[in-house]
Structures are given as structure tokens and as C-alpha cells.
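According to Swiss-Prot, the feature signal peptide maps to 1-19, an assignment based on sequence analysis. The domain 'PA14' annotation in Swiss-Prot covers 109-249, and the record cites sequence analysis as its basis. Sequence annotations record features per position, and here Swiss-Prot assigns N-linked glycosylation site to Asn134, Asn234, Asn250, Asn284, Asn333, Asn357, Asn367 based on sequence analysis. Annotation source Swiss-Prot lists compositional bias 'Low complexity' at 418-427. Per Swiss-Prot, region 'Disordered' is recorded for 418-465. Annotation source Swiss-Prot lists compositional bias 'Pro residues' at 449-460.
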Amino acid sequence: MKILILSFFLILGINLVFCQSSISLSATIYDQSPARNPDFEIPNAPNAVVKNMVLSTLGADKTPTYCCGDNGVYYNGQFDIHSQSTFDSWFHEIEGISYAVPYELVLIESKDEPGIYVYTSSSFFPIDGKGFDNKTLYPDEITYNGHNYHFCMKIHSSFTYHGGEYFTFAGDDDVWVYFDNNLLIDLGGLHTSASETVYLDNLGLTIGQSFPFDFFYCERHTYESNLNIITNLNLTCIEYDACGVCLGKNDTCCFVNKCETINRCLEADCNEGTNFQCDYHIKNCSDGDICSTDGCDIGFGCINLPINCDDGNYCTKDYCDPTYGCLHIETANCTECLETGCITVLPCFPVTCDSLNSSHCVASAMNCSDNDPCTSTECVNGECTYEWICGSEDSSSGVVDSSSGVVDSSSDVIDSSDIIIDSSSDIPIPTLSPSPQPSRFPTDTPTNTPMPPTRPPTPTEDPKIYEDPEDLDKDCLHCKDLGCILTGKSCGYLKNEKYEKSNCKENCCSHTPTCF
């Protein structure tokens, strides 16, 4: 009689176990992206199931243990997983790499076969618009083929073995299912839909005892996402975390409590220390660079722009040194104006500010004239040079100052009858020829000095700008650069007598503009 009563309650208990219309499995989905993890959307990925990518026993943290440390997993010479570092984010939340999102996977009892629970989807996209796919928080994130194709999902649960149970999975990509911490479904790799079934009667389990069930799934590549489950296991949860996830790690609490904000200048902490509530604080946008200004835009987030080192001095070169900060280097041959800096390129034509317009510069030829008709003057490299061009004759007194080479005359008119001619003298005989003869008298003035440039055209009554010479290089100074007409002056060109096009190197110009 006792045996009959026990059998009755056992059968009743089994029937009660399988009378529910659905099984809800709390899951954690870790959103990923190819830009953050190269294991996702691998180019030319092999279409094949790759076994032994994870160890056969579940890890101590209740996630699969990667097989190969820092080494990658290859199939036919192509990456399938890059390393332990890239694998870590598949089933763990790593800031900026993976994003934990809670999810409920609901298996529905079959109408035709009571006690059989089914989930079927050939378009499994559970987090479209969530995680990194949230365009409000991540407006620049790429959407692949209209869906979020890159994520991993884990489910922790348990079951009581009654005998006769089985579990069938079909889908893509990676799937690992552990029964009692042992890997029994191994469908790793990037592949189209693949399937496998586990019959629990073959596992040597004890009837009436409970065992852990751990399910891991990844979608890593477009263009398919299939997930299909058929089972008569009565999966239940023995413990939930603070966020309502079965055997979870509290890593979805921030998502549950809506810590997301459109204010990109705020950050939120959500952990045990905040009792899993959102604690907001201002984001630190400092990039540690003294050559940048740090700021934050509510819609964009941190903005780090180059610092402005302009000191308002047009005659300094301003830049930022990563060690010393802003530096200001003086520009050679520069005269500062109110609105610009005037830089002299040709030393004999110094550029200065226009006295009538502080936003313009004018170039003028250096004045080397000494008002002496017997000297020829010329500017060479910014210095005036002088050449004696008159004869060294005695005037009315017949006396020549040999120290200066200048004739000393006390009268305005030279009388030829007063000239004393000494044939033994080295002083040449004066001549009334209109062309002066070169002097043989020694002098300290330089010889063989080039003649000054030919004079520009005589100005007309109204100022004008003369046309550029055809052989004037575009990089040379032009009349349009001087602004002569603004001061009531014309602008013409002085020919460079030393100009030889074939021998030119840098700063070589056939003509030089000047105001007159």
C-alpha cells in the first residue's frame, strides 16, 4: 500500500512539473561590435563548425574557458578567434568593449506534444536598437544589414533529472551547452545552422537529483541568425541576482535601472556600493595634454581642441610645445602693424607699415643718396655703398685732398687760365669733356661696385600701377603687394642688372617694385 501511495505522488509530481505552458529563462546578452572586437565580422570567415575552441569543463566563473591562451584559433588558415583577450568580452562585460543587456528567452509548450518546450527563430535579433545599437547613445555605430548581428548570450539554470529527458539545439554561430559542468554540445565557429541532441539518460545521472545547466550562444557574422531549441527538460532557477537574472553577476542592473542618459557629459555608477541605483557625476574630460583645451558637449561628450597660442603680435610665430606650452618665436626683419606684420624679404627694399592704413604694408627703396654729384651710390644687402666717379682734378686752387678724393673749390666757375699743369704730377689734366674720366688717384671707396638699378618710369600727375614685367617670377614681390596707390604714389619696377635666370637660386627676381 505504501508503495502504491509513493508511486501515485511521484507520478503526480512529474505531471505537475510539466503542466506549465512555458518556461522563461533569464539570460544576459553581451552586445559586441566589429569596431571593438576583431572576433566579430571576421573577413572571409570559414563556414565550418570548429570543435575544442573551449575546454570541456566549465570555468570557475561559470563561463567557458578559452582553449589557447594568447594564441589564435584558425581554420583553413583563417582566424576564428584571435586570443584569450578578445574572447574575454564574449561572456563578460568589459567597459567600451561589451555591453550587458538583460533578456528573457521564453520556451513555449508544444500543443501537439505536452511537456515538450520549443523556441524557434530564423531571425534572432533580441537587442536591435539596444546596447551599442542605441543611436541616441552611439550615433556613429554601424548597423549591419539592418540588424544587430554581433552579440553573445549566456543562460544559467538547473534541472531535476527524472529520466527520459533530452535537449536539442539548432542554429548559428557558436553554441556551447554544459550539463553538470561538462561540455556536451560543441558547435563552435562561424557557420550556418548546425544541430546536435543530448540524451540525458546516457550521462549516468541520478534520478531525483538536480544538476546545473549552462547555455552559451554567439552571433558573430551577418547574414543569418538562427536559434532553435526543443527539450522536455524542466529548467528552473534556484537563485537570482539583484537584477533578476538567474545566477547572474549583477552586471545588468544599470541597464534595468535605466542609467542611460542623453547627457554625454555625465557618467553613472551602478554597483553594490550604490545599491544598484544610478549615481551620476560629471565626466572628467581631461586628456592630459597642455596643448589642448578640454570641454564637454551635452550631445557629443568630451571635446579636446588645440589651444590658441596667438599672442596678438603679428611678428611672432606662435605654437604649443607639448612640454612647455605656448611659445612665441620672433620673426626676423618684421615690423608689427596694428592688423598685420610686415616682413622684409629684399634687404634694400625694407617693408614697413602704411602710415595711412595699418592693414597694409609698403616697400620702399633704401635711400642711399648723399647729394654728391661725384659719387655713385648703391644698396647692397641692405647697406649703402659709394663709388667715386669724378676726375680728381684741382679746381681754382689746384688743390686736391688726397685723403678724400674730393676736389676743394672756392669758386663756382673754373677759369682755365688759373689751372697749373705739372707734367711730373700724377694728377690727370682736367678736361671739359662731358664724360668724366676715371681717376687714378688712390681712394678708400670700393671699386667694381655694380651701378644702381635703372630708375622707374617718371610718375604722371595721377598715381598708377605699372604692369608686371613678363619675366618677373610669381613668387617675387609685386606692385600689388606694396599698396603704393593708397598713399598717393605710383608703383613701378627697378630692373635687377645682376639678374641672370640661369644662375638664379632662391630670392632671385628680375625686377623689384618701388613706390615713387
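The chain as shown is numbered from 1 upward.
Keep in mind that glycine also has a Cβ here, set from the backbone N, Cα and C atoms.
Annotated features, which come from Swiss-Prot, shown on the structure.
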| residue | record | contacts (Cβ under 8 Å, 6+ apart) |
| --- | --- | --- |
| Asn250 | N-linked glycosylation site | Asp241, Ala242, Cys243, Asn271, Glu272, Phe276 |
| Asn284 | N-linked glycosylation site | none |
| Asn333 | N-linked glycosylation site | Ile343, Thr344, Val345, Pro347 |
| Asn367 | N-linked glycosylation site | none |
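Residue counts for the domain 'PA14' (109-249) by DSSP state, with H, G and I taken as helix and E and B as strand, are 6 helix, 61 strand, 74 coil. Rounded to a whole value, the Cα-Cα separation of Asn234 (N-linked glycosylation site) and Asn134 (N-linked glycosylation site) is 35 Å. With a 10 A radius on its CB, Asn134 (N-linked glycosylation site) counts 17 other CB atoms from all the protein chains.
Summarised as a single figure, the pLDDT of the domain 'PA14' (109-249) averages 94. Its Cβ placed at the centre, Asn234 (N-linked glycosylation site) has 19 other Cβ atoms within 10 Å.
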